[in-house]
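J.: My structure is below; once you've seen it, I'll send some questions.
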Amino acid sequence: MSAIARARASLSPLFDHLSSFLTPTELHQLAHAYTAPRNTTFRLNTLKLARQGVSRNKTSTSPEKAEVLAKIQAALNETKKRPTPRVRACPWSPNAFKVSHPGIAVRHLAGLGVHKEGKIHFQSWSSILAPLCLGAQPGWRVLDMCAAPGGKSMMLVEDILGKGLIVCNELDPARAKRLQKNVDTLLPASMKDLVHVQVSDGRKLSADRELFGGQLFDAILLDAPCSGEGIIAMSVPASYKHWSLAWVQRHARLQGQLIAASHPLLKKGGYLTYSTCTLSVEENELVVHEFLKRHPDMEVVELAMPLFSEPDWSSRVSSFGTGFSNHLGTRFIDDMSKALRVFPTEEYEGFFVIRMRKRM
């Protein structure tokens, strides 16, 4: 039996569930993605690289960027992997990269000085999309509702250009410790006042406004806990051993509670970005649909990345697609085609992201 056939047999309830919106070809491709090793991906941390300001664009061609990438390539050259692994650029972000050889894991590069110094951060390309799609601006107050391990939060700090506040909220104390450690590594000492880390239940934040001064937020990022169908790897049983329809429904309820709790915390005219690393419609479009039904002052808007303002964006990257407009007889309100769905491959984890705005 092939690895793909074993994956489908081991996860037959999952594949049966996904067959309601994926084609047979897509299901086969998904089984391949679950069995194939993913490329190690990382991004440059411009907070530690930018000599003038913290703009991503200012470091996109800087000598310091070239120096960091050269050190990583030198380390790859010393491996015994053949063909020699190469650093390859992301097609839609000037500061995101992958290692071409799937046999190179994070552990092979974690000891490099550029990593220990916080100049690079290992982060999936799909994960990088969420803060880019939010589009935070200088001076904004931004809430990251489920912030650990902190990579997305630090990208939000890049966006506010030294002016504003990023509140990093995390429920689990152990994950909050990891979050704080990453903040300490990735954030220059001169920028510590831009970030506030707190341990709190995101569902109860509207009652705990004293934690962040009682003020509303210009933007909220809710990268919600999910069933993780987009990050399954057959080589890591922990990534799929809990999956069941009940597991999906349990997360959908939690997601509904979290997204509802975000509403009173958001300013009029503010933006809410919702994302998950799962595939089920029940945890993505349907969660947003139910939220919009209960909050008619919210509307779906375009994602903030320039790529998504182009009319043919869904054909520019083969893994990218739009959100679904209906599912199993339910037609979703508002324009879900403005949402992004990322299909799992060797380069990408499965992902969903959508941006909404609270009307004035």
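These residue numbers are counts, starting from 1, taken along the chain as shown.
Including glycine, each Cβ sits where the backbone N, Cα and C put it.
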J.: Looking at TrEMBL, Cys146, Ala147, Ala148, Pro149, Gly150, Gly151, Lys152, Asp201, Asp223 are annotated for S-adenosyl-L-methionine. Which of Glu117, Glu170, Glu229 sits in that same site?
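T.: Record source TrEMBL; matching candidate: Glu170.
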J.: Taking every residue in the domain 'SAM-dependent MTase RsmB/NOP-type' (30-359), what is their average pLDDT?
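T.: Looking only at the domain 'SAM-dependent MTase RsmB/NOP-type' (30-359), pLDDT averages out to 93.
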J.: Could you state the whole-number distance in Å separating the C-alpha atoms of Ala148 (S-adenosyl-L-methionine binding site) and Cys277 (active site, nucleophile)?
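T.: That separation, Cα to Cα, works out to 14 Å.
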J.: Are there any residues in the same chain, six or more apart in sequence, whose C-beta is under 8 angstroms from the C-beta of Asp201 (S-adenosyl-L-methionine binding site), and if so which?
T.: Leu171
J.: May I ask which residues of the same chain, at least 6 positions away in sequence, place their Cβ under 8 angstroms from the Cβ of Lys152 (S-adenosyl-L-methionine binding site)?
T.: Ser127, Ala130, Pro131, Asp144, Leu221, Asp223
J.: What does DSSP assign Lys152 (S-adenosyl-L-methionine binding site), in three states?
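T.: Once the DSSP labels are grouped into three classes, Lys152 (S-adenosyl-L-methionine binding site) ends up as helix.
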J.: Please identify, from the recorded positions Cys146, Ala148, Cys277, the residue with the sparsest Cβ neighbourhood, meaning fewest other Cβ atoms within 10 angstroms.
T.: Cys146
